[in-house]
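For reference, TrEMBL has these:
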{"type": "ACT_SITE", "residues": "TYR142", "note": "active site, proton donor/acceptor"}
{"type": "ACT_SITE", "residues": "LYS172", "note": "active site, schiff-base intermediate with substrate"}
{"type": "BINDING", "residues": "THR51, VAL215", "note": "pyruvate binding site"}
Amino acid sequence: MTPGKKLEGLVAATITPMTPDGQINLPVIRQYVDYLVNEQNVKNVFVNGTTGEGLSLSIQERKQLAEEWMCQGKNKLDHVIIHVGALSLPECQDLARHAAAIGAGGIAVIAPFFFKPTNKDELVAFLQKVASEAPEVPFYYYHIPPLTGVKIRVEELLDGIKARIPTFRGVKFSDTDLLDLAQCINKNETGQFEFLYGVDEQLLGALAVGADGAVGSTYNYLGRQTNLMLQAFAKPDLSLAQKYQFLTGEFLNFVIKLGFGVAQTKAVMTVVSGIPMGPPRLPLVDASSEFIVKAKAKLDSIVWPDG
């Protein structure tokens, strides 16, 4: 890990590998880390989030995965961010303490989504109770209203949050509301917060309003191409950056029409990387063989600007 280094660029939202009978498959994570670093040039990971089926895993499984990513990522990864959100506050706190104990580079928390916070103060109170259990660990709010139904704007959330949560470092912003994101970045004049965008097919738009980077599932298998998009944007060569974004969008638009979620992401990653990601956990079901054939054919047909 790289203490003190700003979290920016690409962060792979990691998949949880599973055996054919649905148990977590820890031994392949070493190969997974090497693949991300060597093949995709991605050195940051977000563990036990949506893509990782974190809320479908037991607390013990989540701890085991966090430990394995920390172990295998040592001296290879820059940042390992552990998602510790859960519906139960004591479970969140337990996971936060565990993440701190194993030296995680940061923790993140999703808003509770069964009994939901109805305003900023309720949400911040919940987040503060979790963050306080890991007082030396950078804390990120994981904003994903399409799944949680918690639509409290991040712009509103930021006001005064540093006083309540001294370790608050930033937001994983998984929403299409670029106005909200832009207002957050506009308020962040001192650059004390980091904003990582979570809608892969709209990353270029988020970069244009000032996002520091991105957390997403496609960076597991399209990290190299997306890194080239970031480089093009930084030059700046907007035309080249657009080509990368349009091609990523072309693939995602194709698979979304087929039905694209965590199970299908696992299948695509298995095909592209050769690492067996296994099935998802119920209630999700395996990607169909028809999906796998069509998705692979589409991905193989794309001609990227780098050849």
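Every residue gets a Cβ built from N, Cα and C, even glycine.
Cα of THR51 (pyruvate binding site) to Cα of TYR142 (active site, proton donor/acceptor): a distance of 13 Å.
Its Cβ taken as reference, VAL215 (pyruvate binding site) is surrounded by 28 other Cβ atoms within 10 Å in the chains shown. Around TYR142 (active site, proton donor/acceptor), the same-chain residues six or more apart in sequence whose CB sits under 8 Å from its CB are GLY49, HIS83, GLY85, ALA108, VAL109, ILE110, ALA111, VAL171, LYS172, SER174, listed in sequence order. Cβ neighbour count for LYS172 (active site, schiff-base intermediate with substrate): 28 (other Cβ atoms within 10 Å of its Cβ, all protein chains included).
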